[in-house]
């Protein structure tokens, strides 16, 4: 949001950034003071509105920055939400969240069924006559296995697995593969610690082979469920992204509309202030004309655009311009004055050599000077006659 230059109220300057209007002089009438207070409230309201819009712009910008990082090389293939589809996607955000909850519940139910089938396999293994050494944690102290924890990183047994499977506090297994990993660990720990000729090693190796045989029968169902879950999650993520893009696109359009409203209110405020302005003196107009001739080509074009805003017939881009300061409205004159002052101050602070631009600048300056001189000459003839 660009700062707005406001003119002078009864001889007192107005802050160009619309922060406040004050220092009006001790002789101001009471109704003027009330008017100034009302304008100040308008300014405060607009500042608050602009701050809010800026925050929303930052949110939209952050969303698209994040999106571009996720899809750095997929600009052509990225999802494009048509305006007519935005409402549908926006309203579907809540539905997407509800669907995700239902999908997670259905997936958890299917996984519970797989765990039930896995529990049948586990029961068959634990009922084998050779399963007894693996049913409870290894009695390290009782058996005098002083180096056990140096050899085995993570002890495991079937009673620990069963407790994890039956846990209700959320600390249990999340899927069948986690249980499968721990069942294998039971036998591999035994085979790692015990000599391969020992009974425990042979028992563990035999039961592991039986378990792997039964696990292969269940594995296709596990893979099918995992594939389904990945596809559902990917689809849900795409739908949610579409909904978020639609919401942010709508927010961007809303922000644009509200910025137009702010501009309109600023213009109304400017006109409100202009009604309280004193008229610019002849000397001030002369100085303003001199200031215009000192502007850079870029700033000069901006100044001419300011004139054209209130004077549609004025050709700001014409090769020759005819500037009559007396024909300009007070609003235009004061806006020009503040613009010229800021432009000259800015160019003074950052004065650098412009090289090839000097010729263009000099040419345009000459055009303005000639136009002002021409207008002044016409006015002198009228006065003398």
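Using the three backbone atoms N, Cα and C, a Cβ is placed for every residue, glycine included.
Predicted, not measured: the structure shown is a model, and the values here were computed from it.
What TrEMBL records for this protein:
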- 36-70: coiled coil (COILED)
- 348-360: compositional bias 'Polar residues' (COMPBIAS)
- 126-201: domain 'Bromo' (DOMAIN)
- 270-351: domain 'NET' (DOMAIN)
- 71-107: region 'Disordered' (REGION)
- 346-368: region 'Disordered' (REGION)
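Mapped onto DSSP classes, the domain 'NET' (270-351) shows 53 helix, 1 strand, 28 coil.
Shown for the domain 'Bromo' (126-201): DSSP residue counts in helix, strand and coil, namely 38 helix, 0 strand, 38 coil.
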